[in-house]
Each structure stands twice: as C-alpha cells, then as structure tokens.
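**Q** Let me begin by handing over the structure; questions about it come next.
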Amino acid sequence: MARNQQLRVLQALDVARTQLYHFMAIVIAGMGFFTDAYDLFTISLVADLIDHRYYPDGQRGDYLPVLINAVSLCGTVPGQLVFGWLGDKMGRKRIYGVTLLLMIFCSLASGFTFGKSTNKSVVTTLCFFRFWLGFSIGGDYPLSATIMSEYASKRTRGAFMAAVFAMQGFGNVAAGLVGTITSAAFVNSSQDKIDYVWRIVLMFGAIPALLTYYWRMKMPETARYTALIAKDAKMAASDMSAVLHMPIVPEDDGVNELASQDQYGLFSSEFLRRHGLHLLSTAVCWFVLDVTFYSLNMFMKDIFTKVRLLDIDDDLLKRTIRITGVHTAIAAACTLPGYFFAVAFIDRIGRVKIQLLGFTMMTVFQLCLAIPYPKWLECNRNKYGFAVLYGFTFFFANFGPNTTTFILPAELFPARLRSTCHGISGAVGKIGAVVGVFAFHLLRNQFRTLLFVLVGCNLVGIMFTLLLPETMGKSLEEITGETEEGQTLDDEATTVNVA
C-alpha cells in the first residue's frame with residue numbers, strides 16, 4: 001500500500017452523504033456539552049446564595065464565590081490530560097462512558113453535604129465534588145471532539161463539530177432558565193429554603209447526561225481508532241458498513257502497511273518538527289480565549305451590577321432571579337446566534353478566517369467598552385448600550401475562537417495522538433479560564449484595566465492563529481500528512497470501490 005493511499009473505510013467516511021446517524025452522533029456528543037456548559041456556568045448563578053447562606057453578617061470573605069467558581073475549572077485541567085491520553089490508549093468509546101458516569105454522579109453529589117450543614121462541611125463537600133465534576137467535564141472535551149471529527153465527512157466535518165459544541169449555548173440558556181424558575185418557586189420562602197434552590201439547580205445537571213448514557217454506549221468505536229490504532233481492519237469495516245449502510249471490504253494488508261509508517265511519539269523530534277508549532281498555537285489560542293470567555297461569563301452579574309443593569313437587593317432570591325434573567329437574555333440573544341453562525345459558515349469560510357474574525361471583533365467591542373468606560377457609568381441609560389456591546393463580544397467569541405479552538409486540535413494531529421493533543425490544548429485553555437477568574441477577582445475594582453488586558457489576549461490570539469494551517473475540505477489524513485493532498489479518491493470512485 002503506497003503512502004499516499006487511504007484505507008477504503010476511511011475514504012468512505014470522508015465522502016459519505018449526511019444521514020441520520022450523523023445527526024444522532026451530534027445529539028449524543030452534544031448532550032455532553034450541554035451538560036458541561038450547564039454545570040460550569042450554573043455555579044456562578046448560585047454562588048451568592050451559598051455565600052450569603054453559610055457566611056452571613058460579615059463572616060464571609062469575598063474569596064468564596066471565586067473559589068466555588070474556580071474549583072471545577074481546576075478539575076478540567078487534569079481531566080483533559082488524563083482522559084485525552086486514555087482516549088488514544090484505550091479507545092474513544094470505552095473512555096467516553098466513564099466521563100459521563102462520573103459527570104452524573106458528581107452533579108448529584110454536588111447537591112448533598114456532609115455533617116450538620118455547617119459552613120465548612122457544606123463548602124468543603126461542594127468543592128470536592130465540583131472538582132471531580134470538572135475532571136469529568138474536562139474528559140468530555142477531547143473525546144467528543146475526536147469522535148465527531150473521525151465520524152464526519154471532510155465536507156461537513158467543521159459544521160458537525162461546531163454543532164456539537166453549539167450545545168454549550170443551549171446548556172448556558174438552560175442554566176439561566178432553571179435558575180430563574182427555581183428561584184421564583186422559593187422567592188417567598190424562609191431563608192432556610194435557599195438551600196433547596198442551589199441544590200436543585202446544581203443537581204439538575206445530571207438529568208441530560210443520564211438520558212444520553214445508553215445511546216453513548218451504543219455508538220461503535222470510530223473506524224480511525226479501530227483501523228489506525230487498534231489495527232483491526234475487520235472490525236473497522238464491519239462497524240462502518242453498519243453505520244454507512246454499504247458493504248466495505250476489510251483491508252488487512254493496508255492496515256499492516258500503515259503500522260510501519262511514521263509511528264513517532266508525542267515527545268519525539270519528528271512530532272516537534274511536524275506538529276510542534278501546531279500544538280503550541282492551538283494551546284495558546286485556547287488559553288487567551290478562555291481568559292476572556294470565562295472571566296466575562298462567570299462574573300457577568302458583578303459587571304452588570306457596576307453599570308447598574310442589576311441592582312443590589314436585600315432579598316437574595318429576587319436578586320438571583322434578576323441575575324439569571326440577564327444571563328439567559330445574553331445567552332439567548334448573543335451566545336446562541338454566534339454558535340449558529342459558526343455552524344453555518346465554518347465549512348464555507350474556513351476555521352482560520354473565522355478565528356481571526358472572532359478575535360478581531362472581540363478586540364473592537366472590548367475597546368468600545370474600555371475606552372469610554374467612565375461614560376458608561378455616568379448615565380443610567382447607558383447601561384443598555386453597554387449590555388449590547390457586551391453581548392456582541394460573546395457573539396464573536398462563539399462565531400470565532402470559542403468554536404474553532406475546539407475544532408482545530410481534533411483535525412491537526414495524527415489519529416494515535418489526536419485525543420491526547422486535543423486534551424493538552426484544552427487543558428492549557430482551562431488554565432487560561434482559571435487565570436481569568438482570579439484576574440477578575442484581583443481587578444474587580446479596575447474593570448477598565450481588565451478589559452485592556454483582555455484586548456491584549458485577543459491580539460496574542462490573532463498572532464498565533466496566523467501560524468495555523470487551514471483544514472477546511474481536507475481529510476484528516478491529508479491534514480496530518482498521513483496521505484498526500486490530492487491523492488484520495490473522489491466521491492464517485494470511492495462509492496464504486498468500497499465493496
């Protein structure tokens with residue numbers, strides 16, 4: 001088998017017409033991201049309730065909401081590294097179920113406490129389970145991205161992966177809706193009932209994950225793992241024949257030939273030469289994006305309080321209703337449309353151009369917030385203009401680097417290192433999220449300065465995006481150099497020869 005030829009099973013996947021199974025894969029993988037976003041962002045909506053409930057009358061420190069927000073993000077870092085590595089060593093599907101089970105358990109456990117509901121027992125238990133919840137969420141990133149990239153055709157791969165990631169937007173909206181409804185249900189209750197609000201909101205995250213566990217376990221292993229890593233040509237052909245509804249002949253000789261080609265490791269000089277710059281660029285771009293995205297998202301209530309879009313109210317539940325209402329409005333009006341645009345244009349414009357556009361427009365809107373910042377504070381009517389520009393920042397984050405930083409690491413690296421490298425890029429990104437959370441805490445009284453710092457992050461993202469190759473319209477093997485560009489079979493030839 002020549003180096004520039006693909007296995008027929010992979011060619012069949014690359015040119016396959018869109019069918020029901022692709023949409024099922026999007027929903028199954030996407031519900032994981034729905035849960036991820038719900039669990040990560042919902043805690044910021046109830047952090048004040050927990051803070052005031054267990055540290056009342058000046059006993060609390062202003063560090064507590066920051067700690068509660070950051071602990072799950074800290075858990076995502078080792079989760080992405082560990083599960084990303086295991087996805088390449090043990091298979092995408094086998095590890096996929098483990099992350100979901102851990103997510104379900106920790107979502108439920110976050111609503112329970114040990115001891116007699118003292119402040120220390122509640123906060124310690126919550127932080128413990130939130131860390132492991134973050135660990136499972138971290139694992140979902142590389143596995144979902146890798147599975148979807150390896151299932152999709154080369155013409156629709158970007159749109160399908162963006163659609164999986166767009167479920168994050170629905171999870172964001174759901175977090176606001178569940179928070180609003182639950183708070184409204186207890187608004188006239190006693191202070192002790194506050195416990196029910198945050199516990200119900202956090203535990204609700206287990207439901208969508210639980211509903212998709214069965215279907216996630218029924219998904220077959222990806223053909224690229226089975227053929228290129230496990231070296232099982234018969235299983236790869238059998239699985240994809242069932243998925244694509246066409247007969248595919250196993251190619252044992254082809255798999256054996258691939259086994260002798262370019263088996264370099266992650267820490268080899270060959271990997272550094274071929275993909276070192278790619279890994280550096282995807283990691284840095286994800287890092288600077290998450291500094292912005294998580295600091296502005298998780299502390300939205302603090303920012304809108306400063307510009308008087310939210311009023312400080314003695315009634316915690318009424319304030320929570322306002323906070324969750326604003327969160328939902330921003331997510332529905334700006335966050336979701338950004339994801340929709342990414343799905344629609346990712347395979348038309350290209351990943352690199354969309355990432356450049358996103359970083360550039362985020363810079364423009366953040367400068368529009370930062371430069372006249374004192375003016376935004378002068379007049380009460382200005383708060384609505386501030387909210388609109390703030391929302392456009394999220395629109396171009398999602399129709400931009402928030403989506404593309406998820407897609408590119410699942411396309412640029414060879415199959416045997418794909419999940420690992422995605423995990424490394426994502427882990428560096430979540431370190432950026434933690435940095436963003438603590439940066440906001442340190443600069444919470446200097447929001448204008450923080451905005452200029454975020455502008456600098458965007459400029460760094462632009463520079464490193466320019467170092468990335470475009471992957472649109474190419475097979476994964478062409479992108480990684482496992483086959484030569486232009487040497488894969490066309491649609492008609494593949495259709496004829498797969499049998």
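Glycine is no exception: its Cβ is also placed from the backbone N, Cα and C atoms.
Feature table excerpt (TrEMBL):
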type	residues	note
TRANSMEM	20-43	transmembrane segment
DOMAIN	25-473	domain 'Major facilitator superfamily (MFS) profile'
TRANSMEM	63-83	transmembrane segment
TRANSMEM	95-115	transmembrane segment
TRANSMEM	159-184	transmembrane segment
TRANSMEM	196-215	transmembrane segment
TRANSMEM	320-342	transmembrane segment
TRANSMEM	354-373	transmembrane segment
TRANSMEM	385-408	transmembrane segment
TRANSMEM	420-443	transmembrane segment
TRANSMEM	449-468	transmembrane segment
REGION	480-499	region 'Disordered'
COMPBIAS	480-493	compositional bias 'Acidic residues'
**Q** I'd like to know the mean pLDDT over the domain 'Major facilitator superfamily (MFS) profile' (25-473).
**A** 87
**Q** For the transmembrane segment (449-468), could you work out the same-chain residues 6 or more beyond its ends whose Cβ comes under 8 Å from its Cβ atoms?
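**A** For the transmembrane segment (449-468), the list is 277-278, 280-282, 284-285, 288-289, 291-292, 295-296, 351-352, 355-356, 359-360, 362-363, 366-367, 369-370, 373, 401, 408, 412, 439-440, 443.
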**Q** Find the member of 95-115, 159-184, 196-215, 320-342, 420-443 that has more C-beta pairs under 8 Å to the transmembrane segment (20-43) than any other listed stretch.
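**A** When the Cβ pairs under 8 Å are tallied, 159-184 comes out ahead.
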**Q** Top stretch among 159-184, 320-342, 354-373, 420-443 for CB pairs under 8 A with the transmembrane segment (196-215)?
**A** 159-184
**Q** Rank 63-83, 159-184, 320-342, 385-408 by Cβ pairs under 8 Å to the transmembrane segment (95-115) and hand me the top one.
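**A** Ranking 63-83, 159-184, 320-342, 385-408 by Cβ pairs under 8 Å to the transmembrane segment (95-115) puts 63-83 first.
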**Q** Can you tell me which parts of the same chain pack against the transmembrane segment (159-184), counting only residues 6+ beyond its ends and a CB-CB cutoff under 8 A?
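**A** Same-chain contacts beyond the ends: 22, 25-26, 29-38, 41-42, 45-46, 144-145, 148-149, 151-152, 196-197, 200-201, 204, 317, 320-321, 323-325, 327-329, 331-332, 335-336, 338-340, 342-344, 346-347, 398, 402-403, 406-407, 410.
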**Q** Near the transmembrane segment (320-342), which same-chain residues lie under 8 Å Cβ to Cβ, leaving out any that are not at least 6 residues past its ends?
**A** 41, 45-46, 48-49, 162, 165-166, 168-170, 172-173, 175-177, 179-180, 183-184, 187, 197, 300-301, 304, 309-311, 313, 354, 387, 390-392, 394-400, 402-404
**Q** By a Cβ-Cβ criterion of under 8 Å, what residues six or more beyond either terminus of the transmembrane segment (385-408) are in contact with it?
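**A** Same-chain contacts beyond the ends: 141, 145, 149, 158, 161-162, 165-166, 169, 282, 285-286, 289, 292-293, 296-297, 303-304, 307, 309, 326, 330, 333-335, 337-339, 341-342, 345-346, 351-352, 354-355, 357-359, 361-362, 365-366, 368-369, 376, 425-426, 429, 461, 465, 468, 471.
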**Q** Let me spell it out: take the transmembrane segment (63-83), skip the flanking residues so only those 6+ beyond its ends count, and list any with a Cβ under 8 Å from a Cβ in it.
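**A** Distant Cβ neighbours of the transmembrane segment (63-83) are 39-40, 43-44, 47-48, 50-51, 55, 95, 98-99, 123, 126-127, 130-143, 294, 298-299, 419, 422-424, 426-427, 430-431, 433-434, 437-438, 441.
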